[in-house]
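Lifted from TrEMBL, the feature list:
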TRANSMEM  A:38-60  transmembrane segment
TRANSMEM  A:81-105  transmembrane segment
TRANSMEM  A:111-128  transmembrane segment
TRANSMEM  A:140-159  transmembrane segment
TRANSMEM  A:181-201  transmembrane segment
TRANSMEM  A:222-245  transmembrane segment
TRANSMEM  A:265-286  transmembrane segment
TRANSMEM  A:316-335  transmembrane segment
TRANSMEM  A:341-362  transmembrane segment
TRANSMEM  A:383-402  transmembrane segment
Amino acid sequence: MKKLFAVTLGILTAFGGFVDIGDLVANALVGARFGMSLAWVVIVGVIGICLFAEMSGRIAAASQRPVFDLVRERLGPRAGLVNLGASFFINVLTLAAEIGGASLALELATGVNYLLWVPGVALVAWLVMWRVKFETMERIFGLAGLALVVFAVGLWLLGPDWGRLAHQVTHPPSDEGVPTYWYYAIALLGGAMTPYEVFFFSSGGVEERWTRKDLVTSRANVFVGFPLGGFLSLAIAGCAATVFLPVHAQVDTLGQMVLPVGLGLGQVGLALVIFGIFAATFGATLETALSSGYTLSQYFGWQWGKYVRPRQASRFHAVVLVVTIVAAALVLTTVDPIKVTEYSLVFSAAALPLTYLPVLMISNDPDYMGDQVNGRFSNALGTVYMVLLVVVAVAAIPLMLATKAGQ
Amino acid sequence: MRPPAPPGPVPRPGRRRLARALPQAALLAVLATGCVSPAWDDHDYGLKAGATAQAAASSVELVRLAVRDHDRLTTPYLKTVLTEASGDLGSVNDQFGGVQPPSDAADRLRTQVTDLTSQAEEEVQGLLIEVRRDGLRDPRGADRRLGELAGRLREIEEAHR
């Protein structure tokens, strides 16, 4: 019974914690402009993140070491440094977007300008990372993120023409250009497979001292929790496709993105969705800030993690503090947090092979994995995804330039 | 455990130059995506007018959705949505106003577009003032006026695709 409770709680946490500012923005933008015609990308992204998160969880359980710890050892310091540079840059950009998202949610709740909330959000996030236990922190914000289920309820209550939504799946709008379609497909994939998720998942496995016995829980989180999170992403796109597409309204702010829930569920729904967005983005703020500390500390071989006292992992905590300050300062320059999110998604997409190739290589290496190496199916699917991710990485920046970032 | 990785190849000067140029190229790429280019001829100006009308119509439609069901939304939320739309319309006005019309025909188009976008901005600002005071006075009337504005902006968008 205790085990079942732990598995259920883990699934719910993974479900609630799946959606972050990137998923929210990408799905709302895409739903408003392309209807459900890019739903297939969400499915491809969810399968991809399930595949590689399962591998990274297995790496953590089999070797008791997180992925990035092994990247430098397996690929050498030079390739590891390239990987670190790309991941760290994207992490900081994503962290700025998440802090901006949490502040925007507070603006929607109070009417007070988001810039005034930014220092407070950053300070509270740092205090939580400093004082609260890893498991407590992960559970509270993962479960609170479940409030985003209101997107699915809101979609239901809006009473969409389900036949039309289904028709959109195979029929993109004719007035949108092909390059723009593929640009948003790439952004959506970048949102579903954000690199920090894998680093956080495997480092979290080590923080929680996973062993081979915990593989069942890890797989349940990944194979049930993440697809449920993907379902939420589709609900966000469905809401936007139902409300905005018929009037050709393009959304570019968080306030506009939650409007369908308000229209479907009224003030209670609006309060819940704003709470859910705050929980999801604040939770992701913690994850991205910690991931920055994890990757840098693991590359340089410093003591890291929340499972040791801060004094013992002082450089790790210093990195977390500094990146939180830098990201908050970036948002305080008044750069639009939604634009930062859009760029972070495309840069994430461009760096996807750098993140996922080492995961595939290490999970295939019997020296690290013992009898937990990849099976044929995982390898075949992993290889197909690597080809896809390389194509995506090559196309991401040229498409961003050609479409003027999707305009 | 694996033996330490063998030392990598010695970087060549060309490779170093490339490594130095990459961040600059990335920055230039990001900046280039946000630039507003001048209008070369009437056709180009027409395309910019169409894009401006499209962006303005989108903002107007969003406000219309919120105003129509304003009683289902909270006041701070409505205030935020209207403030954002007002800012967007102002920005659209400024950007299009900054493009030099290349001919007399372009002048007429400019007047037509900026009249509509300015009307839309004023309408949204008026609604924002009402929300900040006691709430919307005539949401149905606002819905009708916004609908008409959106329709006229869409006509310009269609004519200059």
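Each residue, glycine too, has its Cβ placed from N, Cα and C.
Here the structure is a predicted model, which means the values were calculated and not measured.
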- Go through the chain and flag residues at least 6 beyond the ends of the transmembrane segment (A:140-159) whose CB is under 8 A from any CB in it; none is fine as an answer. 9, 12-19, 132, 231-232, 235-236, 238-239, 242-243, 260-261, 263-265, 269, 272-273, 275-277, 279-280, 282-283, 286
- Message: I'm a bit unsure how to read this: which one of A:38-60, A:81-105, A:181-201, A:265-286, A:383-402 has the highest number of Cβ pairs shorter than 8 Å with the transmembrane segment (A:316-335)?
- Response: A:81-105
- Non-local residues, at least 6 beyond the ends, that sit with Cβ under 8 Å of the transmembrane segment (A:383-402): 44, 48, 51-52, 179, 182-183, 186, 189-190, 346-347, 349-353, 356-357, 360
- the transmembrane segment (A:341-362) touching the transmembrane segment (A:81-105) per 3+ Cβ pairs under 8 Å rule: yes
- Look at every Cβ pair spanning the transmembrane segment (A:111-128) and the transmembrane segment (A:265-286), keep those 6 or more apart in sequence, and say whether at least 3 of them are under 8 Å. yes
